[in-house]
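Pulled from TrEMBL:
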type: DOMAIN; residues: 85-131; note: domain 'F-box'
type: REPEAT; residues: 196-221; note: repeat 'WD'
type: REPEAT; residues: 222-261; note: repeat 'WD'
type: REPEAT; residues: 262-301; note: repeat 'WD'
type: REPEAT; residues: 302-341; note: repeat 'WD'
type: REPEAT; residues: 342-381; note: repeat 'WD'
type: REPEAT; residues: 382-421; note: repeat 'WD'
type: REPEAT; residues: 425-464; note: repeat 'WD'
Amino acid sequence: MGSEVNPEPTFFSTSLSANLRSTTPKLRSVIPTKDNPPPEMSEWLIQFQLWSNAERILAINELIDRCEPTQVRHMMQVIEPQFQRDFISLLPRELALNVLSFLEPKDLLRAAQTCRSWRFLTEDNLLWKEKCKEAGINELPKRRGSPKSPGALSPWKAVYMRQHMIEMNWRSKPIKPPKMLKGHDDHVITCLQFCGNRIVSGSDDNTLKVWNVSTGKCLRTLVGHTGGVWSSQMSGTTIISGSTDRTLKVWDIETGVCKHTLCGHTSTVRCMHLHGHKVVSGSRDATLRVWDIETGACLNVLVGHMAAVRCVQYDGKLVVSGAYDYTVKVWNAEKAECLHTLQGHTNRVYSLQFDGVHVVSGSLDTSIRVWEVETGACKHTLMGHQSLTSGMELRNNILVSGNADSTVKVWDIVTGQCLQTLSGNFKHQSAVTCLQFNNRFVITSSDDGTVKLWDVKTGEFIRNLVALDSGGSGGVVWRIRASETKLVCAVGSRNGTEETKLLVLDFDVDLTGSAALIGR
């Protein structure tokens, strides 16, 4: 009873010990080879194949325990190459590219340094076209100069790399001293247009000035208005200006010639929107007018608002107007017919955006409203700002609003959700005057004399792009306009502390230095 009971041996345990005993080293007259193994080994291998996975692992562990270091080293030399196969190079090209398409661009660049075959695959033009599409780059720039050399990057990869370096310049590279374009004396710059290599600034000094971006020189001053210029639109070589003298003027930027003076409004032309060869103007006389800028003819007068028209949008078919009568109206431009009157605001409407489907209106009542243009129904009332929403931009259902409460908000107009509030320790200290945004950044300007850069997706403050020495004591950034590589700021003051001027900041890539970086 007190004796210890030995467990009954299993087939595995008896077979393993028997086989391991049978492999006790013996002197052999013949050196074993793969083609001529010892008979005991053949039996052991047959038995190995019959065992379960757990039994095989145990057998291998027991075998390793009995091996000399040189034998273990031999095992490693045989096994390691099995785990180092270049599966990408072994796959058909289409499958390999499909696998690589799941990598981030930075990982593709690292993969290109692995071996020649991977570099060849990661240079695939369609692969980088997809990466560009994901980054919001949908077109190749027009090619200049000599044709592509055989060893050059794929065009889409080159575009992506350049875009990435430009983004890094905006985010973190030291800002080069801006060009200073001085003009308009000590007057206020009321409107600003920027396209290609031309800037056009309008002022309450009754003039507009045309500037060369590259040289910073004033090419010409457009003289003709007898009152301050308060609104403008630009297309190609044509600029249209609206003034307190109750007229619009159509100018040729290259010659400075006034092609047409559009008369009809009985008060200040406060806003306008250009589409093709037609412009719609809104006035403090409570009307809107549709003009043909090629002939100078007034095509229609839109009558219905009961107070000054402050903002207007036009897509070639529909006109949307916001006024001091608290309403937004949707018009058929061709028939001069009011299709909807959008009621709900309880104070003046100051800003509008229209994408063909949604109308977004910002008001002194602190709210922003999202309307369906087809039905006139209010989909969402966006609450959160504390004051007047003076400026907005809408792109792909994302709205960015700038407010006199010194904050900027990012909204999803489909859900009505506020995605980000650009505030915190680095927020503006005074009213937001202007904003621009793309799929990466929001750029904002303020009465506090600063221009700030924010991450549109996270709401994170990145850095100040401009900080006037006179900020806080009168220096103001009135307007900003941005391209992919440049930022134009209209700055000055109302108390003489800051000279009126344009600042042009350049974030473009140094093409000489970038070639080496792109090729890495």
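Glycine residues also receive a Cβ, built from the backbone N, Cα and C atoms like all the rest.
Tertiary neighbourhood of the repeat 'WD' (196-221): same-chain residues 179-181, 183-185, 187-190, 227-232, 234, 239, 241, 243, 245, 251, 253, 256, 481, 486, 488, 490, 500, 502, 504, selected by CB-CB distance under 8 Å and a gap of 6+ residues from either end. Across the range of the repeat 'WD' (342-381), the DSSP-based residue counts are 0 helix, 22 strand, 18 coil. Nonlocal intrachain contacts for the repeat 'WD' (262-301), taken as residues 6+ away from its ends with a CB within less than 8 angstroms of a stretch CB, comprise 227, 230-235, 238, 240, 242-244, 246-250, 307-316, 319, 321, 323, 325, 331, 333-336. Predicted-model confidence for the repeat 'WD' (196-221) is 97, expressed as mean pLDDT. Beyond its flanks by at least six residues, the repeat 'WD' (382-421) meets 350-355, 358, 360, 362-364, 366-370, 427-439, 442, 444, 446, 448, 454, 456-459 of its own chain at Cβ-Cβ distances under 8 Å.
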